[in-house]
Protein chains: 2
Amino acid sequence: MARSWWGWGNVEDAVRGAELDALLARARALAPGEPTGHEPPDVASLGIPAARLSPPPSLAALCSADPADRAAHAHGKAFRDVARNLLGDLPHVPDLVARPRAERDVVDLLDWCSGGRVAAIPYGGGSSVVGGIEPRFEDGRPAVTIDLTRLDRVLEVDPVSRAARIQAGVLGPHLEDQLRPHGLTLRHFPQSFEFSTLGGWLATRAGGHFATLATHIDDLVESMRVVTPSGVAESRRLPGSGAGPSPDRLFLGSEGALGIITEAWMRLRERPRWRAKASVRFADYAAAVAATRAVAQSGLHPANCRLLDAAEALVNAGVAVDGGVLVLAFESADHPVRASLERALELCRDHGGETPDEPADSDTASDTWRSSFLRMPYQRDALARHALIVETFETSCTWDGFDRLHRAVTEAARDAIRDVAGNGVVTCRFTHVYPDGPAPYFTVYAPGRWGAMVAQWDGIKTAVSEAIAAHGGTITHHHAVGRDHRPWYDRQRPGPFGAALTAAKAALDPAGVLNPGVLVPAP
Amino acid sequence: MARSWWGWGNVEDAVRGAELDALLARARALAPGEPTGHEPPDVASLGIPAARLSPPPSLAALCSADPADRAAHAHGKAFRDVARNLLGDLPHVPDLVARPRAERDVVDLLDWCSGGRVAAIPYGGGSSVVGGIEPRFEDGRPAVTIDLTRLDRVLEVDPVSRAARIQAGVLGPHLEDQLRPHGLTLRHFPQSFEFSTLGGWLATRAGGHFATLATHIDDLVESMRVVTPSGVAESRRLPGSGAGPSPDRLFLGSEGALGIITEAWMRLRERPRWRAKASVRFADYAAAVAATRAVAQSGLHPANCRLLDAAEALVNAGVAVDGGVLVLAFESADHPVRASLERALELCRDHGGETPDEPADSDTASDTWRSSFLRMPYQRDALARHALIVETFETSCTWDGFDRLHRAVTEAARDAIRDVAGNGVVTCRFTHVYPDGPAPYFTVYAPGRWGAMVAQWDGIKTAVSEAIAAHGGTITHHHAVGRDHRPWYDRQRPGPFGAALTAAKAALDPAGVLNPGVLVPAP
């Protein structure tokens, strides 16, 4: 398998042939695009400039100055990254890619960067969708991308407490492969699972498998080890503590600006033995939302509780419905969960939901949705090559404000799509739900113009971000802040907290080398 | 009702008469004490020095220089506080007690303090057990205690999202009284419930009602408003977010060192309609621990899961048993919970537990335990007046380390009790449990010597804190750090995190007036 330098995942898994034909037919029904596809440029043709710095001899063996390697580390995997790559638009490429083999290497790399005011960009699987790993700085200083994927081992397993000490650079599948012989699993499955790392999940507060309770990776953390230019921070393994503000919660979501996470003790669980799932159809979206709220507030804690609006249901689950489809699943390693599902279905019927006669261990709508979920990034790449804009954005808000936010965001998206692309579609699903509100996730399909797609998308993104901010949503529920969300993050973040975070960064990273411009202004 | 100046709660509720006789008889069986009780000193006889500063005219109406008022705010409510009060040992008394009536008053008070390098000590119900509200500073500067109990209203209720905006100075019962007409409850019941405030719970990361899931108040917070000398920090109302490190998590547990919490949006729930509880007896403590671990890892999420060791069961639940008693309870506002209890009991039987034939809605052992739980602080006061040392300490650790920690801590406590008091008892219960470990809570009963009880207790506390630290526990699971836990907190906290926290404090509180010496060294 070979990783694509410009798009998602493995080259061999790209959408082609009959799958591509069918995909294009479906997509053009939503958003008519250009008739012919474009080939990604040969990386050798991009004229990547030579590295502006050389590593010291002691670090040379860790570092690559290869242009293709550097180009592959220049951008994340958002639509705007893929679109720029397809156009060969790579103005900011790291000067070196360093691959530490041990924590000591990370310490030495940061020492070297701090000594020379070289930017250090921590890099896991590279799946950022917010410009979080892009060496784009106002002062244009040289940059080393520190790719942690060689730190990929499960170092220790504690079967009694159900926890493991895990190196941060491990990719999702390799992590689960190492836990499986112990009968344990982290059960954290972001959409990027195959091509993102534990350290990346922690640094960006990734959203995972569970729609309720442990929605973010945060709650699965027992302790962390973080290399900062001012020393290594290691928290104690504790199931819970009230000793001052949580040290881990400062580094969770720090996006490489405060330190480089090298390992963590993570809470694990046994694989589920009992499962029950069902999908519920609603003729009315408001009723579907009310039913979802009732389930979220019931204390039943479904593992999945994903409300697809009518467009989302049609596009990704193959279900034609007027209001929406609620996909429900319960799971447990300890006890049957059928009664929980039955009660959730009863709540749905109270709100006019059409429930299946007999809940089953499998469910067609949710199975269809699941397989398309994993395939989506590859499909996005194929559509981008045909000048189709396919991108997502997400937020969360309280239930009392959801209707207004949903209406405002949808209208802003439609207006912007009309302005920049003439026509298109915006769909909505809930990825996670809480007793006090949902996390709505929107997808946009719009026809692009080859060469203008990034500006088109930026127009849509700015409009929807303004609508989210105006209606009290968060600029991101689980996609991080990076460089792209900074304008809205700066408005959302309480001012004194911003001052505290800036001061904390100055204390930990006095030379200001760690991922400059992410979360706080570059010094 | 009148609050006791020297001890817990209301004067009228003190233990007396037949209750006192019975209590003394029980206690002396554990730890023979002195035959006669001592009267608390008259506060007028203490010679409290005059205040060393006067408020500006604009703040004078908020401030009290009354010696009795100041004496009542000088100490928290730990055993060592009560013992010092009983001896009239009050070397550090605030110069003024200020009672803001609005957030603007808090801002003005902090401005005044910052201008004059006057220490500002935020004060809720005054139930700190770690010296957190004590004006004890190396530099002996003047201090104003800011008593927030006039900010006691529920300002707004959102029944759709089940949340309310609540002023931080409200005491537990008054908070629940205001929520009750809305059919909602915070359901946060620390032992101090009657005499502690929302703001105090947030500032100290209080542990509450639920033994699993939302064990600390942290998870019930939707947003917070905090007055700092550098401005007011208000987070957005969000059910979940991944936008950078959580702002709320920096202020949760900040113990008044970073700002004064004035209000918060809190997540509420409906009152439980379904309940099931039972207690399980074990002949062997290790088997009881294993059963408790199985329940904690089952995903059944009991509301109560409190394992009492044999001594704790005898003293506080009136149950004679060799191994221990596990008190289990489930509750829900939405669905029956009997099946969950049945499964938990099955897990207990798998580990040799003796379960009741028929689980009931009430349970004698747990009911006895519950009523003694609320009465304990009053009993502690009565025993302290008879020179009996009654005090608790608590921690958490992973399951794999519990046996070693439990043995080491118990031995350290017994050795120290023997050294300082000749004989006595140490008991253990779990207050909260997690999939990866328990939160054990220890109680010490030992005979004191009038006049020497503080030094005696400090000897015991130092010994057990060293044992906790040596075995990887936290210095506190839910009693905060304050001034008394600082030596062990400083060792537990990752060094770079300490540097970040110190820098954050300097940014938020440049004059260093907020609760000096708590969490970080006074500047």
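A Cβ is built for glycine as well, from the same backbone N, Cα and C atoms used for every other residue.
Now, the feature entries from TrEMBL:
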ACT_SITE  A:TYR441  active site, proton donor/acceptor
BINDING   A:PRO122, A:TYR123, A:GLY124, A:GLY125, A:GLY126, A:SER127, A:SER128, A:GLU255, A:GLY256, A:ALA257, A:LEU258, A:GLY259, A:ILE260, A:ILE261  FAD binding site
BINDING   A:ARG380  substrate binding site
DOMAIN    A:90-271  domain 'FAD-binding PCMH-type'
SITE      A:ARG306  site 'Important for enzyme activity'
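Here the features listed in TrEMBL are placed on the structure.
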| residue | record | DSSP class |
| --- | --- | --- |
| A:PRO122 | FAD binding site | strand |
| A:SER128 | FAD binding site | coil |
| A:GLY256 | FAD binding site | coil |
| A:ARG306 | site 'Important for enzyme activity' | strand |
| A:ARG380 | substrate binding site | helix |
| A:TYR441 | active site, proton donor/acceptor | strand |
>> So among A:PRO122, A:LEU258, A:ARG306, A:ARG380, all listed as recorded positions, which is physically nearest to A:TYR441 (active site, proton donor/acceptor)? Use the C-alpha atoms.
In response: A:ARG306
> Tell me, how many other CB atoms lie within 10 A of the CB of A:PRO122 (FAD binding site), whichever protein chain they belong to?
Replying inline: 29
> So which one is it: of the binding-site residues A:GLY124, A:GLY126, A:GLY256, which has the fewest other Cβ atoms within 10 Å?
Replying inline: A:GLY126
> On the Cα atoms of A:PRO122, A:TYR123, A:GLY124, A:GLY125, A:GLY126, A:SER127, A:SER128, A:GLU255, A:GLY256, A:ALA257, A:LEU258, A:GLY259, A:ILE260, A:ILE261, which are listed as binding FAD, what is the maximum pairwise distance in Å?
Replying inline: 20
>> Over the span of the domain 'FAD-binding PCMH-type' (A:90-271), how high is the average pLDDT in this prediction?
In response: 97
> Counting across all protein chains shown, how many other Cβ atoms sit within 10 Å of the Cβ of A:ARG380 (substrate binding site)?
Replying inline: 23
> Just counting, how many other CB atoms are there within 10 A of the CB of A:LEU258 (FAD binding site)?
Replying inline: 31
> Including all protein chains displayed, how many Cβ atoms other than that of A:ARG306 (site 'Important for enzyme activity') lie within 10 Å of its Cβ?
Replying inline: 24
> Using Cα coordinates, what distance in whole Å links A:ARG306 (site 'Important for enzyme activity') and A:SER128 (FAD binding site)?
Replying inline: 23
>> Can you tell me the CA-to-CA distance separating A:LEU258 (FAD binding site) and A:ARG380 (substrate binding site), as a whole number of Å?
In response: 32
> Between A:ILE260 (FAD binding site) and A:ARG380 (substrate binding site), what C-alpha distance do you get in Å?
Replying inline: 30
> Cα distance, A:ARG380 (substrate binding site) to A:SER128 (FAD binding site), nearest Å?
Replying inline: 15
> Roughly how many angstrom lie between the C-alpha atoms of A:GLY256 (FAD binding site) and the residue listed as 'substrate binding site'?
Replying inline: 27
